[in-house]
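Chemist: Pasting a structure here, questions to come.
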Amino acid sequence: MDLNGDSNAKRKRSSISAAAERPAKHLRPENSSLTPGDTTPANGTVYDVEDDAESSHLIPIAAAPADSPEWQATIEEVVKSVVSIHFCQTCSFDTELSMSSQATGFVVDAERGYILTNRHVVCPGPFWGYVIFDNHEECDVRPVYRDPVHDFGILKFDPKAIRYLKLTELKLQPDAARVGSEIRVVGNDAGEKLSILSGVISRLDRNAPEYGEGYSDFNTNYIQAAAAASGGSSGSPVVNIDGHAIALQAGGRADGAATDYFLPLDRPLRALNCIRRGEPVTRGTIQTQWILKPFDECRRLGLTPEWEAKVRKAAPTETSMLVAEIILPEGPADGKLEEGDVLLQVNGELLTQFIRLDDILDSSVGKTVRLLVQRGGQNVELECEVGDLHAITPDRFVTVAGGTFHDLSYQQARLYAIATRGVYVCEAAGSFKLENTLSGWLIDSVDKRPTRNLEEFVEVMKSIPDRSRVVISYRHIRDLHTRGTSIVYIDRHWHPKMRLAVRNDETGLWDFSDLADPIPALPPVPRKANFIQLDGVSQPAAAEIVRSFVRVSCTMPLKLDGYPQAKKTGFGLVIDAEKGLVVVSRAIVPYDLCDINVTVADSIIVSAKVVFLHPLQNYTIVQYDPSLVQAPVQSARLSTEYIKQGQSTIFVGFNQNFRIVVAKTAVTDITTVSIPANASAPRYRAINLDAITVDTGLSGQCSNGVLVGEDGVVQALWLNYLGERTPSSHKDVEYHLGFATPALLPVASKVQAGEMPKLRILNMESYVVQMSQARIMGVSEEWIQRVTQANPSRHQLFMVRKVDCPPAGFSTTAHDSFQEGDIILTLDGQLITRVSELDIMYDKDVLEALIVRNGQEMKIQVPTVPTEDLETDRAVVFCGAVLQKPHHAVRQQISKLHSEVYVSARSRGSPAYQYGLSPTNFITAVNGVPTPNLDTFVQEVSKIPDNTYFRLRAVTFDNVPWVVTMKKNDHYFPMSEYIKDPAHPAGWKTVSHDKAKHKDGIAPDAANLNPDAMDEGFDDVSELEPEVRLEVGHWTVR
């Protein structure tokens, strides 16, 4: 904490948005109270999910006394000039992540249409927004100026667009701010339409508050008052009783104190006048931060009594002087000024205030100024050339391989006292997702070539072919002592364009241009390698199985199917070395819109593709090209016998360091489980499976591995299962359980034979009922006796817990389909007491089922569902929302599909985020035209002109219909599609509907989408690659 107590400062930007007004769904979490007889893994590995939403600390405010008639008259006039600003920063840039929010501004020029607000509202990066006036008229705005340092910016609107309100403006009167003055803060406090807060100015000479990481104002004094403003009041006018704006609301305290900080209006008034005259707003700098220090501190720094006397005589009301706090390396003052220098004169003029210092520097860009400072009691005269502050404030960025880059800004350099040079990663995504941090990296070199600035970085990236692996050297701005080195996989197929965005202050937009087309990938080359040998391991079977493990890394360019991550890594088991077939957890490879890389023997990296995704049992089969692998890879031998409870086995797994670990153990339990459904957004989960647990603590530390017998035969796979997200902590639960290999054989054998399995499944989820429950529910004693004979180890039957919503065009009647509560006795005459016996459904179109319903035995003909239609084969990205057909997990959790246009995810800072189109909603109509499927949806939204409002009729997951109005934005969020195409090298093709770039509006292309900036649930979280919190002890089930 500094002398002003800034450790608890916060900016006043609302965290309330339209997205918070209508939750997407209210599905009851299933991990709180389980249905009797249900069995769910009890101990799941939990990993953290960070929340990207800013907290809005609402402070209780005592009732204010009634205003005087004078104040009432003033407020009535002031509110006509105050506007509520709804805005987005469409992508991360400099100190800010992409986001949607609300704030306040006020009209300062009604004739020309200028609105004054905060710099952190105007945003350093691409801005898109609108304002709402007091009479609820709406108007688009565009930025015309954002100050490089001070917290103010100016927006422009078209005054002719306001037809029903007589526009008025607030006069800026910075010299009217005085200690003891009564003020009112009129603004959009806490996201409300209008709030009026009262206060009294207590200080005029406060240093600018430090907000920590990110943007902070400096080199200006702030005004302090007690007004208790909250989120959303950023940019509010601080008015006196005369109705003049005397300051600009900027920040406050987050610890409950009712202290607020206001920016003086001297520099905003000067900038506004320059813009009115059509002149550039010049800003000068010597790359030095000054702070106000009182005379007693200045004396300790070496201020002599003679100079103190001169200052006090020249400015009797002053109690402080300017002291150098930070001098940036390689700046104009580097080697001349020193930290702790007390500023006496500039160009021979005695100077104690920021305002006059800004005046001199802003009028001296490109010129030299003379400074006189005292350093330890000695006078030091020096000259500094004044630089252009705009020149060291980035106004362009480059997107390539999924990441976003620009030159290091003065803001960031000042915060960490480093030189204003280097390539800054403002959005670490795609190929440049480094160490799970969203931004803040400085790229020192790429492919062994230095990248000292953005131009050098672009030239290096132009020469790197697609799918190359290159070495990069980098540091994080928070820890410049530590240099990191990583090998990154350059993705120029999902992100083919290298785009340059340049700020255009005339239009308020950022103009995009393509810098270079991708260089095609080089042909892969066969490599040689050998596997490690386990030292000191007494089990030969464990030593042999090492040759059957490969590391599998999956990177997803788009969030689909509710999956929360963009990258996942684990281990797979080679089941056919000659054909390159590997079985891996579906929690690692959830769908086939992805890049899969297989690492063999920790040496050879080859790409792979998805061959088969099992709809129920949590495994994926992928295939790599074995001709590229010259290593003794061994096909794992899979057991045909089910492992039994109490049986001895050898656990072989991989820990969090990707190191193999071995333990002799025994099977503690085999229980039929279903992974709990995720409450916030449906996503793939395993159901109807027998889960194996073992008696070793390593099972909790290892997410992948096998259980292998003494003879080297694999008895079970050890897989990680993605579970539910806890509603209170927003953490995902991951279960580690064994899966018996005989259940894998029916599918694996077909894949090995070159046949694509076309499974059919029963569209239901079941759970176990014991005989005591079955008897009460009407199962006869005869059947109970048969069950005990058929399955001596587990006396159980299966009850239908949930019937899936059938796919489109699939119709059944109540008589020939399962119902919730049915107890299954036989399928096609076979008694069903084990999960594995349900596999009879794989090859049958219809099954004859003997069930007990409402206490009565009956036979029904139950149709099975083909699994080919369960996987996603198309996604439409529209206004930042990812739309797809409802995937299998949705059908498992819902009773009725309202349409085939399902919102799977949305991007921060997009229209979908701004207007509250949340994931898990169904879109049923566009402008009154029904859109039952993606084809009709694309057809209708293509008719909507850019920057035009349209209506979407939607239905929440809980069957609540509602209407959302949105404004289309083709400039920043053009519509694109991902369509599965087996003929395409990546398995999917991309199509762009950007009419500004393609004449007919359709061409092969892809937007530079960042899945890490998407949320797939309504809890608005930004996913990071998780770090697993390890559970010590046994895994148990209940």
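Including glycine, each Cβ sits where the backbone N, Cα and C put it.
Annotation comment: Swiss-Prot describes 1-47 as region 'Disordered'. As annotated by Swiss-Prot, compositional bias 'Polar residues' applies to 30-43. Taken from Swiss-Prot, the feature region 'Serine protease' applies to 82-275. If you look up Swiss-Prot, you'll see HIS120, ASP151, SER233 marked as active site, charge relay system, on the strength of sequence analysis. Feature annotation from Swiss-Prot assigns domain 'PDZ 1' to 289-374. Annotation comment: Swiss-Prot describes 877-958 as domain 'PDZ 2'.
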Chemist: Can you check which residues sit near ASP151 (active site, charge relay system), meaning Cβ under 8 Å from its Cβ, same chain, 6 or more apart in sequence, and list them in order?
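Modeler: Listed in sequence order: ASN118, ARG119, HIS120, ALA208, TYR215, ASP217, LEU248, ALA250, GLY251, LEU263.
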Chemist: Using DSSP and three states only, what is SER233 (active site, charge relay system)?
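Modeler: Coil, per DSSP.
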Chemist: Averaged across the region 'Serine protease' (82-275), what pLDDT does the model get? Just tell me the whole number, please.
Modeler: 88
Chemist: Please list the DSSP helix, strand and coil residue counts for the domain 'PDZ 2' (877-958).
Modeler: 18 helix, 26 strand, 38 coil
Chemist: Just to be sure I understand the packing, how many Cβ atoms besides its own are within 10 Å of the Cβ of SER233 (active site, charge relay system)?
Modeler: 31
Chemist: Reduced to three states, what secondary structure does DSSP give ASP151 (active site, charge relay system)?
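Modeler: It is coil.
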Chemist: Under a three-state reduction of DSSP output, how is HIS120 (active site, charge relay system) classified: helix, strand, or coil?
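Modeler: Once the DSSP labels are grouped into three classes, HIS120 (active site, charge relay system) ends up as helix.
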Chemist: How do the residues of the domain 'PDZ 1' (289-374) split into helix, strand and coil according to DSSP?
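Modeler: Going by DSSP assignments, the domain 'PDZ 1' (289-374) contains 25 helix, 28 strand, 33 coil.
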Chemist: Measure from the Cβ of HIS120 (active site, charge relay system) and count the other Cβ atoms within 10 Å, all protein chains considered.
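Modeler: Here the count is 28.
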